[in-house]
Every structure is written in C-alpha cells, then in structure tokens.
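Per Swiss-Prot, the features are:
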BINDING   Gln83, Gly101, Glu102, Gly103, Lys104, Thr105, Asp489  ATP binding site
COMPBIAS  973-983  compositional bias 'Polar residues'
REGION    948-983  region 'Disordered'
Amino acid sequence: MKNLFNFFKTSSELRLAYRLLKQINQKRSFYGAMTDFDLANQTNIFKKRLANGEKLKDIRVDAFAVAREATKRILGKTPYDVQILGGLILDMGSVAEMKTGEGKTIASIPPVYLNALLGQGVIVSTVNEYLAERDAEDNGKVYNFLGLTVGINKTEMDANTKRMMYNADITYSVHSELGFDYLRDNMVFSAAEKVQRGLNFCLIDEVDSILIDEAKTPLIISGGKTNLPAQYLSANQFVNTLIAEDFYIDEETKGIKLNDKGIDKANAFFGLRNLYEIQNSEIVHRIQNALRANKVMKRDVEYIVQDGKIALVDQFTGRIMAGRSYSEGLQQALQAKEGLEIEPETKTLATITYQNFFRLFKKLSGMTGTAKTEEQEFIDVYNMRVNVIPTNKPMIRKDERDEIFATSHEKNQAIISEVERVHKRGQPILIGTSQVVDSETLSEMLNQKGLYHTVLNAKQNQLEAEIIAKAGRKNAITIATNMAGRGTDIILEPGVTELGGLYILGTDKAEARRIDNQLRGRSGRQGDVGISRFFISLQDQLFRRFTNFDQIFGAYGQTNGAIKGKYIHAVLLAAQKKIEGFNFDMRKTVLSYDDVIRQQRDLIYAQRDILLQIENFDHYIQKMIIRAVDIILSYDFIILPNQEIHYKNLINFLNDNLSRITHFNFGQIGIENYPIEQLNEFLIKQLETIYFKQIQSVLKENLGKTYFESERYIILSTLDSQWQNHIDTIDKLRSSANLVQYSQKNPYQIFTEEATKKFNILVAESAYQAIVSLFNNSNAEKIEYIKAILSDGTAISYPADSPQEIIDQIIASNEERIAAARKAKEEKQPEFIEKQLAKLKIEKVESGEEFELWKIGDNKLVNLKKEMPLDEKQNILVKMQQEQLEMMSEEEKNLIQEQNLEIEEIEEIEEEIQNENPQKVEFVDFKNDPDAYNKLIFGADYADKQLISSEEENNNEKTNININEDLERTKGEAQQTAKNPNE
C-alpha cells in the first residue's frame, strides 16, 4: 500500500482525495459501531444538515463513511481504499481511470449516495440496459437500506413509468435513452408531459465509450416520411456501372467523389448538361450516398443485414446499435445496394450530440478502465480531468510485443497455430477482433481444426454477459468483437492461474490505443496472472490508411514469418497516434458545428419552457403581431421598389390571410389614408383590436377560462413546425458545407453564416405563422384537443406570473441586480459565521421552535435561544470552547491542532484545484439573460453573435492530411519511437 500514499506525481485532485480518504478511514469504527437503524437514519441527518445551509463537501467525509459501512453490511463487500479514492474523484466531477476488475461499480456507490442527498436526482448512465438493470439491482440494495429510491429507465417504457423512474432519488439508464428523453421532453404540449426533472448530476460508466467513441454520432428523432424508392434505385443502378477509374477514394478519411470520367458518365446516364448545376443538387446527394454505400461501406463491418433490415454496427464496441439508422438517405442507399425493401426517408425533427447533451448537466463525472490517453479531449470538451487510480494489488499481467506479419493470410495462420499451442495446456484464450467478418473467418478456421469455441459478435450479442463470464474457464476459446463484455468480470476458474491465467489475443490494432488497452484489461484483474499479445498484418486497415502503404509493403511484403526490428513497430505506433489525432479533429469539427445549432436549440427550448408555464399570452401575442406586421410590410408586392405602397395588394393579402374567422374587411378601415411611415403602427393597433376584442371572445365562449390552452397549442405547434423544418435544412446544410471549398471560404464560416440567416427567418416566420393561425382559429379539432388535455385527470400547475411580469423580471435594471446582490450577501452572512464555527468544530445539530442545540467538539452540547443574534451565539460558543480547551490535556490539544491543520490543507488543495482547472464552457442562461430572450421573442438581430472572426476561422480550419506527403514525418516519428520502444 506504499504506492497508495505516494504524493509524488499525483494531481491536486488525487492529493485532496488522499487527505479525505484518511478522514473517512478515521470514521470507520464510529459508524461500524452503529445499529442498522442508526446507520440508515444518517440519511435523514445529512438531509437536515443540507437543509440548514451546509454544502455537500461539508458532509462528504461522513456520507462516504456511511456508504462504505452500508455496502459492507448489505453486499458483504468492504470497499477498498482505492475504490473510495475513485469515488472521491467521481464526486469532484472528474474521470476516474480504474483498471478492469478494480470494482468501479462499488466505487460509484458513495458519490451517488452523497449527491442523491440533495433531492435533485442522480443519473447513472450505462452502455446497455443489462448493466443498468444489474447495477440498479445490486447497488440499489444499499441505497434502499439508506432510505433512497432507485429507478431503471428503459426504452420500452411509457411516459408515466419513465416519469416515475426519473423521480426516484437515483435513476439508472442506458445513455442513448437519456438523450432521446431529453429531446422528447422538448416536443411536449404540456409541462406535465415531461418525464425528466432537470439535469443535476450524471455519473457515466464506461465514460470513454460514450463521450469519446460515440461523440460523432448524433441522437436523432425523425418523422415526416417521404417515399421515393425509384430515386435510390436509379442512383444505385448508375453507381454499379462505374469502374475504379471513375471515382476517387481517400483511404484516410473514407471520403469518395466522382472524377471527370465519372461526372461525364453521370451526365449521360441522367440526361444532364452539367451534374453540378444547383437544380441537380438532389441527384448529386443520391449519387453520393450510393457511392458511399457501394464503394466504401462494407457489410458485416459497418452494418449487418438482419431479418431483412439494415442494422448498424458500432465500430468501437462491435455491438448492434439497436433502433439506430443512417440519416439523409444513406440508409435507403444501403437498402438499395442489398436489394431490400426501401423504407421511406424521414426528416429530422430533433437532434443533439452526446457531447452537447451531457454538457447540460450541472455536474458530470465518469469512470472507465482506459481514459488517460484522451485526457486533453476530456479537459477541452467537458472540463473533466482524468485521474489514474492505483490498483488494489500489483498488476502482473504480461503484455507481449506485437507480432507483425506481411499478409492477412499469414497472420491468421499464425493466430490458429498460437491458439492450438495455448489450448493444448488448457489455458483459456479470448480472441479479440475488430470486425464481424474477421470473427467469422477465424471461427471457420478453428472449426476446420476441430477446436470447439464460442463466438460473440454483433450477430450474437444477446448472451454477451454470459459468454464473456465463461471465458475464464479451462480450455475455453472465445472469439469476441471489441464489445468484449465491458462491465462483465471474467472470473478465472480454479486451476487456471497455474496455467498462466487468461490469454488475450488481439487480431487487429484499433483506431485508439485506449481500445487495445480495454481488450488487454480483460485479463490480469485484481492481481491475477495473465498474458496479452496482438497479431497484426501489413494489410490491416491501420497500415493501409495511415502509413505510406506502398512503400511499407514494398519493403516488408515478402517477409516470411513475423517481421523483426524496431522500425516496423514504431511505424505502427506512429500510425495509431496519427489516427487518434485525426479522430479527435473529427470530433472537434462535429462539436464546432453542433455548437452553432446548440445555441439556437437552447433558445428554442428555453422559449418552449416559458410557453409551457404561462397562462396569459396577451403580451406575447402583442409582440408577435409587431413581428407579423414587419414581415407583411417587407413583401415586395406590397411595398414597391420605389417605396410606394400597393394598397390594393395589401388589402387583398390581409383579407385572404387574417379574416377567415371574423370576415373583417380591411378595405373599409381607410388603410389607403396612411403613408408608409404611419402604416406600421396603424396596422398593429387594428390587428390587436381584432384579436383581443373579437377572436379571443370566441375562444372564451368555447373553452371558458382555459382558452389560453388553445393559444398555447397554436403558438407551440407553429414554433415546433418551423424549428423542425429548420433543423432538417441545417442537417443538409452541414453535410454539404464541405462541398463549397472551391469558393476559397472556410466551410465552417459558410455554415455559421447560413445557419444564422436561416434562424433569423425561423424566428420571424414562426411569429408570422402563429398570428395567421391565431386569426383563423375556428378549427374544432384544436378545441377538442384542448378539451382532451383538460379532461385527462392530469393536475397541471402553472405559476401565477403573467408574461409581462416574467419579461419585466428578466430585463430587470442594473440597480435591481445590485440590490439583489447586496441582499444575497447579507443572507450569506449567517452561512459564513457557521462555516467559521465549523472550522472550530462547533456545529448546530438541531433546531426547535424556541431553542437550538449546538455541539462543541465531539461531546459537549449547548442549548441556545433561537431568537438570539448569530454573532452573539458565536461569541458564547467560542468562549465555551476556549474554556473546554483549557481543561484538556496536551495530547488532546495536539490532536485537535493536527485535525485543524488537515482541514486547512484540504481547503488549500481545493483552492489549488479551482485555480488550475480550465474555465468551464459557459452556457448562456436563455431564461434569465435579457438579451438572449429579446433576440428570440422580439426578433433582434441574432447574427452578430454567430459570425466568427477571420482568426477564429483559421483556427477552425481543418487540416487535410496527404498520405504521400506524410512519409517523412511518419519516418521521423517512427525513428523517435524506436529509441524508446516501451513508450
């Protein structure tokens, strides 16, 4: 355990964790002596302390000690010191890297328990529902014992059940369902329909898998189906006529495009003059998808065909991505390629990336066995540091040097020979593959040798945990894709240790060293023996895509047996580092584009939340009328180029669009008497009179006091419709942005400018369309919908504030803010005094109607009148403590002094952590920021915030990597790495 308390080369967070661990260990005997009832009752005591103004960190040591003791009693497992260390790091909002088998699930119990005491909900995110159910059941026993409730959120649950699960103190859920529930919550028409209750604290299991590997994959809710199978079939038919000389594939980026020969063939096939004319953009889009589906994507690698459907395969885990499909027509292109039924193409209704969803949580932490290599990305994107937690027992697994062969055939033959050799002595072996097709090839070769084995890939993942759990038995041969049962321990059968433990055989290097380390980590858990080795060939994708393949293969392609020498190993490591950097750049690009959409999405969702709460829309409708009139008077058939008004067109337009319900004749109010400078104000007053005096009275007659529900429905549905059209357009804009590089402009800048313009149109158009709908609101269907909402028995509670009051509050003056700050400071004075007393080990333990009970030190209790000013109480308590100290022995005084020094050291380390941590990405509070609110509601120019400077443009510009030009740099990296092969 010497390493455990070695402070050298440890982060500030770990140093703080060591200090806190010492204090937690000192509480062991105290809580260990409690009865079950008293131990469980600590939850109520902690909640009272929090209600009285204490912070989580004030009760952290005690809460961790209680959780540790409860875990020991309920699960029969006493958390190791390293598990408590990991839990402390998680509570700090960072990533805890704990090696496989070190007990991450147990380590999560104390931080989850502590944060659940706030009563705001804690979410534990897992990579699949099996792990969510398993951990909720096991850890839930501890939480239930301590008086907390536990819920499991599942995909198939209805809204009411989901709401119940989210209302539990602690909710376990697969990560994708959390994001989809968030999107669905922002599509409801009643606040009571939401299932989530705010995003407080989330602990992510296998955090690297979710926040790194899946960061590029957006969550999408689709709808509005369009069925055009003939277009996909014709594009597929055209692509099948092409030969290799008709297109160009970038092996590194997997990008594909037609060359001049291919363009000529496309023009002839589709009867076009110029394929790339703007009116042919839809054909270009279909051809591009067909090219990618037929020439780049491989069956049983990126996808499989299952039950007549295309099923996506996660490239990092090997799992089927259930319920997922490609968007923007790529799914249909694959269906055409495979001769399957072509499903209707859908449009995007709501979307968010994992990066931006998880950044919405007030506090975020994660645990995994492999994250240190990606620490910079965790810091840059999520403001989370990675802390490597020491193992409970020394790691004794042997990681052998890679075996590199010239060809895939030679590699596979060597793998089978190695499996035969290892299997003869009964040692279990786990073979890790990166692709389904590789696992099936090796399986067939093992069958030919008569070697019984089990295969686990995307086609047989239902029994994942069971198959992986058995991989540690004698004579077991298991083939698994990269999923490798993360989260499931492989327990060695008795006698296997003497055989050398579990043998891990990797058949391909992944696109990240972290993924390789995950595979290795299946062996050598908790000090077990084990061995790992990778068998690689020069024909593997890593060599093909990220080295100068022709030169490397030319030099080593004729080698028989394993290739010797440091250089080839160094080239492999350099290629792996290169693809890690490339993928990081890709994820940053996705995030930069999504951040533009995020700002717009946050504005819309904040606006929806306000619309769901208010009960009087009059002020809101007045503002929309102003916007609508601005739009009407911007039409060039009404305001002519010479700034003259075409009154007849204006009157006809108003009668056609705004008088269907009232049959009001705008030609009889003297519009033609108003010049252009007075017309705007005149029309606003007329429309306000028509709506509030006539139309609203019809609503009140039909719906009584709940007429505002009809207004809410119309305004929300209009906003949603415009937003859904907007994001569908933005998705297509993003996918085509890179095609405009010929204009010598940054694609990101073009995307930002266009997205901003389109958002401004969305804001204006949603206001105008809402006014048109409100002025024509005689639709019985809408009224019946409102009546249905009101009669479903749901209790809907809304604040009494009117829209005007909300807006007045939001745009409060600086003087009011200053006054509020002064008041807040005064209110914090008692908290400050109590903190000072806490440092002296003086704390309030109970508060009655007339008296308060204070504790001095460990045992002295004092009753003081509640009405007594706090500063007077402070003087009395400090004086009594001084008297108590004078009666103490020197040994007791020294102990107290040592404890006070520890507290000071902890505070210093906490301040150090605060100072060294990078600034967290600040999100605009759109509900409380007057500028953001005004921009959305009142249509102020939103573009200024979005446009990037030329300097930012250069920073965001993506660097293209050319394989041929990169050879010298690769050689340099390889030679440097060869000097230190253990890097």
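Think of each number as a place in line: the chain as shown, counted from 1.
Cβ coordinates are placed from backbone N, Cα and C, and glycine is handled just like the others.
Structure with Swiss-Prot features highlighted.
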residue	record	Cβ contacts under 8 Å, 6 or more apart
Gln83	ATP binding site	Met98, Glu102, Gly103, Ile106, Ala107, Asn392
Gly101	ATP binding site	Asp489, Gly521, Gly524, Arg525, Gln526, Asp528
Lys104	ATP binding site	Gly86, Ala96, Met98, Asp205, Met367, Thr368, Gly369
Thr105	ATP binding site	Asp135, Asp138, Asn139, Asp205
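Ranking the binding-site residues Glu102, Gly103, Asp489 by the number of CB atoms within 10 A of their own CB puts Glu102 at the top.
Within 8 Å of the centroid defined by the CB atoms of Gln83, Gly101, Glu102, Gly103, Lys104, Thr105, Asp489, the record's ATP site, lie the Cβ atoms of Met98, Thr100, Ile106, Ala107, excluding the listed residues themselves.
The ATP-binding residues named in the record, Gln83, Gly101, Glu102, Gly103, Lys104, Thr105, Asp489, extend over a maximum Cα to Cα distance of 16 Å. In the three-state DSSP reading, Gln83 (ATP binding site) counts as helix.
Thr105 (ATP binding site) falls within a helical segment according to DSSP.
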